[in-house]
Amino acid sequence: MIVWLFVALAAGIGLFALFGPGQQASSDLPASYADSVGGPFSLTAADGSTVTDQTLKGKPFAIFFGYTRCPDVCPTTLASLARLRKQMGEDGDKFQIVFVSVDPGHDSPEDVGRYVDLFGTPIIGLTGSEEEIIRATKAYRAFYQKVPVEGDDYTIDHTASVYLMDADGKLQSTIAYDENPETSLAKLRRLVG
């Protein structure tokens, strides 16, 4: 019993050291991690326009990496973001939702545009060449990998978190897949606050 008490105390001290008073009040992440996420990228929107990290600056945004043929995580996450935006009322217009397809083999910019239109809220849908996608995922420290399935087809394993970026393109928080909606809503309110 006493051993578990010491383990819990040590864990609490470790968490305090990690997230304690030395961190910026606006971010709920360690500064070293928050500073390493985000950076230069250039991708293509459905209308053919180029969207860069600089284009997105000026308004907070939630950015998520996935693909249009994703059977579960992507549609669930985008539907959740759409619902949360609606719950925020007028504050929902104070941030952008960005979806980046990591599947240039199947997802053209037009495909991505049609896909994001299904969610009933403005979502910026982006994709690019393999090299452009690699650059963007490296900038955000996002993971993706093709996984072969029957025949010559594949599915994609990918990061399931949403990155919440402030108006300067700095990481403020993340939303985990299947996170409690109230927690996610509070994070979005802080982002636009």
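Think of each number as a place in line: the chain as shown, counted from 1.
Using N, Cα and C of the backbone, Cβ positions are placed for all residues, glycine too.
Just so you know, TrEMBL annotations never went through curation; they're auto-generated.
The model shown is predicted, which means the values in this text are computed figures rather than measured ones.
Sequence annotations record features per position, and here TrEMBL assigns domain 'Thioredoxin' to 32-193.
The secondary structure of Cys74 (disulfide bond), as reduced to three states from DSSP, is helical. If you look up TrEMBL, you'll see Cys70-Cys74 marked as disulfide bond.
Here His158 (Cu cation binding site) comes close to Phe65, Gly66, Tyr67, Cys70, Val73, Val102, Ala142, Phe143, Tyr144, Gln145: these same-chain residues lie at least six apart in sequence, with C-beta atoms under 8 angstroms from its C-beta. His158 (Cu cation binding site) falls within a strand when secondary structure is assigned with DSSP. Under the heading Cu cation binding site, TrEMBL lists Cys70, Cys74, His158.
Excluding Cys70, Cys74, His158 themselves, the residues of that chain whose CB lies within 8 A of the CB mean position for the Cu cation site are, in sequence, Phe65, Gly66, Tyr67, Asp72, Val73, Thr77, Val102, Ile156, Ala160.
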